[in-house]
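Student: A single structure is presented below for examination.
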Amino acid sequence: MCPTHSCAVFLQLACCCGSAACSLCCGCCPKIKQSTSTRFMYTLFFMLVTVTCVIMMSPTVETAMQENIPFYTEMCNKLNAGENCSTLVGYSAVYKVCFGMACFFFLFSVFTIRVRTSTGCRAAVHNGFWFFKFVALLACCAGGFFLPNQERFLEVWRYVGAAGGFLFIIIQLMLLVQFAHRWNQNWSSGVKYNKIWYAALALVTLVLFSVAVGALVFMIMFYTDPEACFLNKLFLGVNGGLCFIVSLLAISPCIQTFQPTSGLLQSAIISVYVMYLTFSALASKPIEMVERNGKNVTVCVFPYNSGLQSETNIVTGIGTAILFGCILYSWYECFLYFPEDYDDEKTAGGQNVKYDERDGTIYSYCYFHFVFFLGSLYVMMTVTNWFHYENAKIERLLEGSWSVFWIKMASCWVCLFLYMWTLLVPMLFPKRFQA
């Protein structure tokens, strides 16, 4: 074995078992910041547990495991996991696994309170020792299966998960509003240097509004009925009207005076997201039926003969993508400042690491772990279909649930309220923002 390869292997072992930053063995990989590699590793932990929870809620996967894993029944008996490993699947198993993941991130959130630089021992634990932290995460997730009085635990933890899930949704919406303002501000500032930014700004705004209007027309066509679906008609009108109002508000002279960077791009982004939430809510509402020609006919459903599966797959896929997107965006945005000078450490034969937190942390470690704690609760409630957990299956996620319908619809209004508040607050408190 060549010395270079031996050194690279040693450094990777240091990454797993020591305080060294994680990097890839490949020397041709681009440089990576220590703060980025750390957040990537925690995100990887989160995604692994989330995938595990999805598998636990899938009867299809459970059946495939029974058919393809040799001695499956004997293995379940040795693990004391019940017949066909029944205690390792279903909503109760997801609650226990997510309890362990939530405890892991909550403890790290408390452990990293007021960490300001990466030179202390607490920062070293946060940025390294990945093997031991992975073992600790597995121990936390497994420990949930050995809790006493599990029926009472599941009942209490369900409401804790609901509260945490709601709070995560609020943070998610706040990040979206912040992202919309920042995007518009960055592109608007580019106009000073190149007029082509005008065209880019107008094009993207036009495309986003076209998507929002198209989605609204689509839902009016297929999610309303002359004889039924009153709530669908009401909320489509309300949400569409609110999007129109905030768009006018964003370009009104009174708002422009106190917030010159306000524009239609922000309201277009918010409108698209509100339309998605509205579609998700309508797709999650229990089906309605009307009597026509002596037969009960299902109305206001996705217009495919394959039933609700296509609709569910679309909503689930988009919702999962937004969940992970908001998690990634949350750890990227919760920073304090970006130092310009940092030291590079050459990992022989491996990837270069930029130690960019020697003088100060780029993001709040405590807040970072707290967002993951709330994300764990949100995943738990989403995968188990919130309060309809008894018959929850991942293949039927978001299918026919009033709780999910009202959560999504309330999220629309909270998102619009937060955006409207960011437009009005500089006008209501001008002295504070001028300062």
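Including glycine, each Cβ sits where the backbone N, Cα and C put it.
According to TrEMBL:
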SIGNAL    1-22  signal peptide
TRANSMEM  41-61  transmembrane segment
TRANSMEM  88-108  transmembrane segment
TRANSMEM  128-147  transmembrane segment
TRANSMEM  159-181  transmembrane segment
TRANSMEM  196-222  transmembrane segment
TRANSMEM  234-258  transmembrane segment
TRANSMEM  264-283  transmembrane segment
TRANSMEM  314-332  transmembrane segment
TRANSMEM  362-384  transmembrane segment
TRANSMEM  405-429  transmembrane segment
Student: Tell me if the transmembrane segment (88-108) touches the transmembrane segment (128-147). I count contact as 3 or more CB pairs below 8 A, with pairs 6 or more residues apart.
Tutor: yes
Student: Return yes if the transmembrane segment (264-283) and the transmembrane segment (362-384) have at least 3 CB pairs under 8 Å (sequence gap of 6 or more), otherwise no.
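Tutor: Touching, no - the transmembrane segment (264-283) and the transmembrane segment (362-384) miss the threshold of 3 or more Cβ pairs under 8 Å.
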Student: Between 41-61, 196-222, 234-258, who has the most Cβ pairs under 8 Å to the transmembrane segment (362-384)?
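Tutor: Of the candidates 41-61, 196-222, 234-258, 41-61 scores highest.
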Student: Taking 41-61, 88-108, 159-181, 196-222, 405-429 as candidates, which has the most Cβ pairs under 8 Å with the transmembrane segment (234-258)?
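Tutor: Out of the listed stretches, 405-429 contacts the transmembrane segment (234-258) most.
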Student: Under an 8 Å Cβ to Cβ limit, what residues of the same chain, 6 or more beyond the ends of the transmembrane segment (159-181), are close to it?
Tutor: 95, 98, 102, 261, 265-266, 269-270, 273, 322, 326, 329-330, 333, 371, 373-378, 380-382, 386-387, 407, 411, 414-415, 418-419, 422
Student: At a C-beta cut-off of under 8 Å, are there same-chain residues at least 6 beyond the transmembrane segment (196-222) that contact it? List them, or none.
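Tutor: Counting only partners 6 or more residues beyond its ends, the transmembrane segment (196-222) has Cβ contacts under 8 Å with 184, 187-188, 190, 232, 236, 240, 243, 263-265, 268-269, 271-272, 274-276, 278-279, 282, 300-303.
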